[in-house]
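Down below is the structure, laid out as structure tokens.
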Amino acid sequence: GYGLTRIPHLNKDLAFTLEERQQLNIHGLLPPCFISQDIQVLRVIKNFERLNSDFDRYLLLMDLQDRNEKLFYKVLMSDIEKFMPIVYTPTVGLACQQYSLAFRKPRGLFISIHDRGHVASVLNAWPEDVIKAVVVTDGERILGLGDLGCNGMGIPVGKLALYTACGGVNPQECLPVILDVGTENEELLKDPLYIGLRQRRVRGPEYDDFLDEFMEAVSSKYGMNCLIQFEDFANINAFRLLKKYQNQYCTFNDDIQGTASVAVAGILAALRITKNKLSDQTILFQGAGEAALGIAHLIVMAMEKEGVPKEKAIKKIWLVDSKGLIVKGRAALTNEKEEFAHEHEEMKNLEAIVQDIKPTALIGVAAIGGAFSEQILKDMAAFNERPIIFALSNPTSKAECTAERGYTLTQGRAIFASGSPFDPVTLPSGQTLYPGQGNNSYVFPGVALAVVACGLRHITDKIFLTTAEVIAQQVSDKHLEEGRLYPPLNTIRDVSLKIAEKIVRDAYQEKTATIYPEPSNKEAFVRSQMYSTDYDQILPDGYSWPEEAQKIQTKLD
């Protein structure tokens, strides 16, 4: 009846047939009109296009997700290049900043530090019994925007929307979670509309015990092969939690490993332009947080695969943090940074560092808008015939340089990629270049699909190198000529399928899969797991019997 039209994964709106409306007792609750899903998509797109701001477009799509889930994903998949920047970066950053103001309907699970000792009970409130993927954040480092506390829930929600749209993971089996331990954001603490706990962040043993309880509760309820993706945790927690849980649970950190994989994929594609090996590069990072260190470690692993000893590979990588170049003997270096500290004088100015190190590749992941100055870009072009310049920080306002500056200040010779989308750039020569967007969405949907499909218990760093290689293989020579270092976003579902197929194939070879019998056709097996946006048959299967068999007996023998 009426309640059915309020259940997002069952609601079809005006696509309910007359028979469905009559038998489900919703006839009369809908206008006397029957339209296809394709026409429904057209209506959404027309409404989308008449809105003036991306934030309003975001709200439109979120309302649709809360009303008609199949249609929401049909719309996203109809033009993923158009809709991804709305449901995820960069618009999701603005949405998180406005999350309390725009709050309409809760989506996901809100677990607070005051629920310690009862996390399992809170999980029981979730209506779905089968969950295969969880995305969790504590809201402390949302994109490049800092501590947004409970407002960070927009990130797990948006991330899981892309699990489905880009990877085909069933949305009914996905769970977005915010762990609310407080916030250090003064504006939020004073905001009467803020939806989270009004207290300073809990840290130390109490925080760790809370995380332990959460991980144990999720794995106990949903199984050891339930994927738990960590998202937007602060640097002080991200590395140690990954290290702590990686071999204990089915988990990964997208900010560290997902970013690393997509960045390395871009570098591997760039090497087809520079015509040399990864181990021939000198790589300088602006930033030394989760993203930079994750990329650096995966580059080392890729160089080792080329046959370069680990110690030699590490020497090819330099990092710059807020205090300057990371060198041996510098005070207060973390263990993670210490690994990439080299013998060199201390330097603070990025322009001077670039002139001194003369990198072949410059990678920005520090969320400092405009950090790649005109001088730096011109120097990169002076040192290299084809300089590799990746401005990977999100959102767009935090990008180290725009695509236009990246190309024009290097006479169009830069091999450029960014974290947020940029428009194509037409050079004075008339050539149009399409900057590659190093979006983690090339990575995590395929990895998640593979984990769900074959029941992986642990997600190793090797999986992310494999993923990078598969992504790079999907880039054609024509794409490279156009400046693209990544496959077109509109092929992302096919890319995810290829990633998942390769990971699943390796998992069965290495005996790490847990779902048996082993499928003979891995591609068909993975494809069969992918979510369909077609409306489900709601009515019971109806069929006829022979007329003779249906005769009603009226006389007693």
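For all residues, glycine too, the Cβ spot is worked out from N, Cα and C.
In the record from Swiss-Prot, residues R141, N394 bind NADP(+); the candidate from D13, D255, D280, D534 listed for the same site is D255.
Those residues noted as binding NADP(+) (R141, D255, N394) have their most widely separated CA atoms at a distance of 12 Å.
Those residues of the chain, other than R141, D255, N394, with a C-beta within 8 angstroms of the mean position of the NADP(+) site C-beta atoms are I142, L143, G144, D232, T259, E290, A291, A367. Summary: among the recorded positions (R141, K159), the fewest other C-beta atoms within 10 A of the C-beta are counted at R141. Non-local neighbourhood of D232 (divalent metal cation binding site): T137, D138, G139, E140, R141, I142, L143, G152, I155, D255, each in the same chain, at least six residues away, with C-beta under 8 Å from its C-beta.
Taking Cα separation as the measure, K159 (active site, proton acceptor) is nearest to Y88 of the recorded positions Y88, E231, S322, N394. Between the CA atoms of Y88 (active site, proton donor) and N394 (NADP(+) binding site) there is a gap of 11 Å.
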